[in-house]
Amino acid sequence: MEHAKAMDEHLNDTSKLRPAEKNQIALIFGVITCVAGICGVSLGSLIAQHWKTGKFCFAHRRSERADPIVSAVGSFVAAPLMFVAFSLITTDQLLSWFVVFLTILCLCLNWAINVDMLMSIIVPERRSIASAIQILFSHLFGDASGPYLVGAISDFIRGSSDFPADRFHSLIVAFYLPNALLFLSGAAFLGAAYSLPADLKRMEAEKAAAESERRERSPKPTTSATIGPSSANIGPQGRQNEAFE
């Protein structure tokens, strides 16, 4: 957005933008990201939960595949929205901001339900390590390496030019990579939707087997010995009774 603003004002560098303009762009993007993220996570969780339990509009369409399907829809819808948002920056920034909001909302649909889906196919004894691996790879191939790859592609396309227009257009082209990855993400979620029922059954079988093995290994309770009539003659009084007899 800063490069587009500098390009509109015919500036040679974004550093020549007024601080108020930079702060306004940062504030708008921050507010949009926060609101869209909260709405996306909440909306994705509600839709998936109601779909799995068959509530409201999903009363007759209950499905255990709801989590991956909602995630796939979010990825497939976010990809073209991101392209439209970048295309509108130079023509209508207000509309572009709105499309950015919709894009982030769709991207955040799978944040909570992705973890829920993972936990539903892993037995309790392995959920901690499974969650750690999922977080590691999601950040490793996401927000850790993503900005570097996009920046490297943008620098390669831009070459030695430092003009805002060249920086803007090179960034737009570089962001085609995340767009392509969104389609791959949607395809992967559809694959997960296909295999999810079998994974759920496998998890339940492993959980039942582990519970049965745990019961076999647990020590059986010992029965207490019954107290007979002769045991009542313990102590001095008992010995006196025996002597009297």
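For all residues, glycine too, the Cβ spot is worked out from N, Cα and C.
All TrEMBL annotations are machine predictions without curation.
Some features that TrEMBL has for this protein:
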- 25-48: transmembrane segment (TRANSMEM)
- 69-89: transmembrane segment (TRANSMEM)
- 95-117: transmembrane segment (TRANSMEM)
- 129-150: transmembrane segment (TRANSMEM)
- 170-194: transmembrane segment (TRANSMEM)
- 205-219: compositional bias 'Basic and acidic residues' (COMPBIAS)
- 205-245: region 'Disordered' (REGION)
- 220-245: compositional bias 'Polar residues' (COMPBIAS)
Proximity of the transmembrane segment (25-48) to the transmembrane segment (170-194), 3+ C-beta pairs under 8 angstroms: no
Residues of the parent chain within Cβ reach of the transmembrane segment (170-194), under 8 Å, 6 or more residues beyond its termini: 3, 65, 68-69, 71-73, 75-76, 78-79, 82-83, 86, 110, 117, 146, 149-151, 153-155, 157-158
DSSP-derived helix, strand and coil totals, residue by residue, for the compositional bias 'Basic and acidic residues' (205-219): 13 helix, 0 strand, 2 coil
